[in-house]
Amino acid sequence: FPHQNTPYLNQLEQIFVCQNCQKHFANERLLRDHMRGHVNHVTCALCDMVCTSVSSLKAHIRFRHCDERPFHCHLCDSGFKNAYDLHKHVETHNDSDAYSCDVEGCGFTSWTLRNLRRHYKRVHVSKSILKYKCHICQKCFSWSYTLTLHLRKAHKLSSHSRFRYVTS
(Lines of atoms letter the chains of each structure in order from A and count residues from 1; the text may use other names and numbers.)
(Lines give C-alpha, C1' and ligand atoms only; values in the text may rest on other atoms or scores of the structure.)
Protein backbone atom coordinates (compact mmCIF):
# COMPACT_ATOMS: atom_id res chain seq x y z
CA PHE A 1 0.00 0.00 0.00
CA PRO A 2 2.10 2.94 -1.25
CA HIS A 3 -0.39 5.53 0.01
CA GLN A 4 0.29 4.44 3.61
CA ASN A 5 3.97 5.37 3.30
CA THR A 6 3.30 8.93 2.14
CA PRO A 7 2.62 10.48 5.59
CA TYR A 8 5.81 8.87 6.93
CA LEU A 9 7.92 10.34 4.11
CA ASN A 10 6.25 13.74 4.47
CA GLN A 11 6.94 13.68 8.19
CA LEU A 12 10.65 13.08 7.54
CA GLU A 13 10.79 16.03 5.17
CA GLN A 14 8.55 18.31 7.24
CA ILE A 15 9.99 21.52 8.67
CA PHE A 16 8.39 23.12 11.72
CA VAL A 17 8.17 26.92 11.80
CA CYS A 18 7.64 29.16 14.84
CA GLN A 19 4.69 31.46 14.14
CA ASN A 20 6.13 34.16 16.44
CA CYS A 21 9.66 34.56 15.03
CA GLN A 22 9.71 32.38 11.86
CA LYS A 23 12.61 30.17 13.07
CA HIS A 24 12.70 26.69 11.52
CA PHE A 25 13.04 23.44 13.47
CA ALA A 26 13.75 19.86 12.49
CA ASN A 27 10.96 18.36 14.59
CA GLU A 28 7.90 19.20 16.65
CA ARG A 29 9.63 18.67 20.01
CA LEU A 30 12.29 21.29 19.23
CA LEU A 31 9.60 23.74 18.10
CA ARG A 32 7.61 23.10 21.29
CA ASP A 33 10.71 23.68 23.45
CA HIS A 34 11.41 26.89 21.55
CA MET A 35 7.80 28.12 21.94
CA ARG A 36 8.13 27.97 25.73
CA GLY A 37 10.62 30.81 25.40
CA HIS A 38 7.92 33.03 23.89
CA VAL A 39 5.48 32.29 26.70
CA ASN A 40 7.67 32.10 29.81
CA HIS A 41 10.05 35.01 29.55
CA VAL A 42 11.61 37.53 31.91
CA THR A 43 13.11 40.84 30.76
CA CYS A 44 16.30 42.35 32.16
CA ALA A 45 15.60 45.85 33.50
CA LEU A 46 19.16 46.94 32.71
CA CYS A 47 19.36 46.10 29.00
CA ASP A 48 15.96 44.69 27.90
CA MET A 49 17.41 41.23 27.19
CA VAL A 50 14.71 38.55 27.34
CA CYS A 51 15.53 35.37 29.30
CA THR A 52 13.49 32.18 29.40
CA SER A 53 13.69 31.78 33.19
CA VAL A 54 14.42 33.71 36.37
CA SER A 55 17.59 31.66 36.92
CA SER A 56 18.92 32.51 33.45
CA LEU A 57 18.10 36.19 34.10
CA LYS A 58 20.09 36.07 37.36
CA ALA A 59 23.05 34.51 35.55
CA HIS A 60 22.80 37.14 32.81
CA ILE A 61 22.83 39.99 35.36
CA ARG A 62 25.76 38.47 37.25
CA PHE A 63 27.90 38.07 34.11
CA ARG A 64 26.86 41.15 32.12
CA HIS A 65 26.04 43.84 34.66
CA CYS A 66 27.97 43.07 37.88
CA ASP A 67 31.64 43.87 38.34
CA GLU A 68 32.10 41.43 41.22
CA ARG A 69 34.96 38.96 40.60
CA PRO A 70 35.10 36.69 43.65
CA PHE A 71 37.55 34.14 42.19
CA HIS A 72 41.16 35.37 42.50
CA CYS A 73 44.37 33.95 41.07
CA HIS A 74 46.87 33.10 43.83
CA LEU A 75 49.75 33.82 41.44
CA CYS A 76 48.86 37.29 40.14
CA ASP A 77 45.64 38.27 41.97
CA SER A 78 43.59 38.62 38.78
CA GLY A 79 39.86 38.30 39.49
CA PHE A 80 37.26 36.21 37.68
CA LYS A 81 33.49 35.86 37.77
CA ASN A 82 33.55 32.07 37.97
CA ALA A 83 35.82 29.19 38.96
CA TYR A 84 36.11 27.84 35.42
CA ASP A 85 37.57 31.11 34.08
CA LEU A 86 39.99 31.22 37.03
CA HIS A 87 41.08 27.64 36.31
CA LYS A 88 41.72 28.46 32.63
CA HIS A 89 43.71 31.54 33.68
CA VAL A 90 45.91 29.69 36.21
CA GLU A 91 46.97 27.30 33.44
CA THR A 92 48.45 30.27 31.53
CA HIS A 93 51.05 30.76 34.28
CA ASN A 94 52.72 27.53 33.15
CA ASP A 95 56.11 28.57 31.71
CA SER A 96 56.25 25.89 29.05
CA ASP A 97 53.74 23.91 27.07
CA ALA A 98 53.27 20.89 29.30
CA TYR A 99 51.54 18.70 26.70
CA SER A 100 52.55 18.00 23.12
CA CYS A 101 50.98 15.88 20.40
CA ASP A 102 52.94 12.69 19.76
CA VAL A 103 51.72 12.24 16.16
CA GLU A 104 54.77 12.41 13.92
CA GLY A 105 55.14 15.79 12.23
CA CYS A 106 52.28 17.48 14.10
CA GLY A 107 54.05 19.77 16.59
CA PHE A 108 50.87 20.83 18.45
CA THR A 109 51.49 21.87 22.08
CA SER A 110 49.11 22.92 24.83
CA TRP A 111 49.04 24.10 28.41
CA THR A 112 46.25 21.66 29.21
CA LEU A 113 45.65 17.96 28.69
CA ARG A 114 42.04 18.79 27.84
CA ASN A 115 43.10 20.93 24.87
CA LEU A 116 45.56 18.27 23.71
CA ARG A 117 42.81 15.62 23.78
CA ARG A 118 40.43 17.93 21.92
CA HIS A 119 43.14 18.63 19.31
CA TYR A 120 43.85 14.92 18.86
CA LYS A 121 40.19 14.06 18.35
CA ARG A 122 39.53 16.95 15.97
CA VAL A 123 42.69 16.71 13.88
CA HIS A 124 43.82 13.09 13.96
CA VAL A 125 40.76 10.95 14.74
CA SER A 126 37.85 12.76 13.11
CA LYS A 127 39.23 12.55 9.57
CA SER A 128 38.40 8.86 9.34
CA ILE A 129 35.06 8.87 11.18
CA LEU A 130 31.95 10.37 9.58
CA LYS A 131 29.13 9.36 11.92
CA TYR A 132 26.74 12.35 11.77
CA LYS A 133 24.52 12.44 8.67
CA CYS A 134 22.23 15.25 7.54
CA HIS A 135 18.67 13.92 7.26
CA ILE A 136 17.93 16.38 4.43
CA CYS A 137 20.87 16.14 2.00
CA GLN A 138 22.72 13.07 3.38
CA LYS A 139 26.04 14.94 3.80
CA CYS A 140 28.19 13.36 6.55
CA PHE A 141 30.20 14.98 9.34
CA SER A 142 32.68 13.84 11.99
CA TRP A 143 31.31 16.09 14.73
CA SER A 144 27.77 16.83 15.86
CA TYR A 145 28.50 20.55 16.10
CA THR A 146 29.55 20.69 12.44
CA LEU A 147 26.27 19.01 11.47
CA THR A 148 24.46 21.57 13.63
CA LEU A 149 26.22 24.41 11.79
CA HIS A 150 25.40 22.76 8.46
CA LEU A 151 21.70 22.41 9.36
CA ARG A 152 21.54 26.06 10.41
CA LYS A 153 23.38 27.48 7.40
CA ALA A 154 22.45 25.15 4.54
CA HIS A 155 18.88 24.29 5.55
CA LYS A 156 17.92 27.25 7.81
CA LEU A 157 17.01 24.93 10.71
CA SER A 158 17.63 25.93 14.31
CA SER A 159 17.27 24.62 17.84
CA HIS A 160 17.96 25.91 21.34
CA SER A 161 21.67 25.18 21.18
CA ARG A 162 22.26 21.70 19.79
CA PHE A 163 20.27 19.21 17.75
CA ARG A 164 19.95 15.70 19.12
CA TYR A 165 21.65 12.98 17.14
CA VAL A 166 21.34 9.24 17.09
CA THR A 167 24.46 7.31 16.13
CA SER A 168 24.49 3.64 15.24
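Just so it is clear, glycine is given a Cβ too, placed from its N, Cα and C backbone atoms.
As annotated by TrEMBL, domain 'C2H2-type' applies to 16-43 (among others). If you average pLDDT over the domain 'C2H2-type' (16-43) in this model, you get 82.
Long-range neighbours of the domain 'C2H2-type' (42-70) within the same chain, counting only residues 6 or more positions beyond its ends whose Cβ lies under 8 Å from a Cβ of the stretch, are 36, 79-81. The feature domain 'C2H2-type' is assigned by TrEMBL to 42-70 (among others).
Using a Cβ-Cβ cut-off under 8 Å and counting only residues 6 or more beyond its ends in the same chain, the domain 'C2H2-type' (71-98) has close neighbours at 62-63, 109-113. Positions annotated as domain 'C2H2-type' by TrEMBL: 71-98 (among others).
Only residues 6 or more beyond the boundaries of the domain 'C2H2-type' (99-129), in the same chain, are considered here, and those with a CB under 8 A from a CB of the stretch are 91-92, 142-143. If you look up TrEMBL, you'll see 99-129 (among others) marked as domain 'C2H2-type'.
The domain 'C2H2-type' annotation in TrEMBL covers 132-155 (among others).
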